[in-house]
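Here is the structure we will look at, set down as structure tokens.
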């Protein structure tokens, strides 16, 4: 018993010798120890997403909701812009097509269709290809004794010319070249063409001159080889209107598939594309 009590007495004596204030300091320090505080973030004032629009009257506020996000003016502008672009691209497409047709008919150094000629007109005056320059010319080959095709085509030519003349006065010369110079004298052509239009120009000459011009214009014609004096006969020939530009170059051939309105539009479109010089007289 004495040995067991000795250690207890020793521990008690140690505690008795420890100053009381050190224990109090230890206890107080343990009680006052706290976790470190984390600084709080201050909430920023929320900014409005969009400035609220104010309306002076109730009608203005109602009109905003009636029109929706797009107004009728914006819609109309969109439609007009789209239509304008569509028209422009279609116009350019047609213009490039006309240019390709015109360029395809021009040879290198020598035109594929057309060229110099020396004939006389229905008034008996000499006429060459230079007299046609400065304006567009519409050239047709035929003969005055033709029973049906030539009259129909000359009526069509007169209608085409009138439509072009109404929009571009003096810009087109209608020319009729005979494929039958033996019978179509200047006087005969003058009387014959007056039945269709007073501004038609008739051209004739010798057989060799007519043959050379038909060859230059790639026109086929054929007369009977053996014809008795006074005997009636027909001349087989091509049926086209040859449109030539103010420089004397071939532009396009208008056939029987073109109506007068269609042919006149083709001619006027080519005139709009022309940026060269025009003859003023």
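Note that Cβ sites are derived from N, Cα and C of the backbone, with glycine treated the same way.
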> Which residue range, 30-49, 50-69, 70-89, is the one TrEMBL calls transmembrane segment?
Replying inline: 70-89
> Any idea which of 8-28, 29-49 is down as region 'Disordered' in TrEMBL?
Replying inline: 29-49
>> Out of 146, 150, which of these binding-site residues shows the lowest number of other CB atoms within 10 Å of its CB?
In response: 146
> Relative to the mean position of the Cβ atoms of 146, 150, 237, the recorded Cu cation site, which additional same-chain residues have Cβ within 8 Å?
Replying inline: 141, 142, 143, 149, 153, 179, 235, 239
> Does residue 237 (Cu cation binding site) have same-chain partners at least 6 apart in sequence with Cβ under 8 Å from its own Cβ, and which are they?
Replying inline: 141, 142, 143, 179, 219, 220, 221, 222
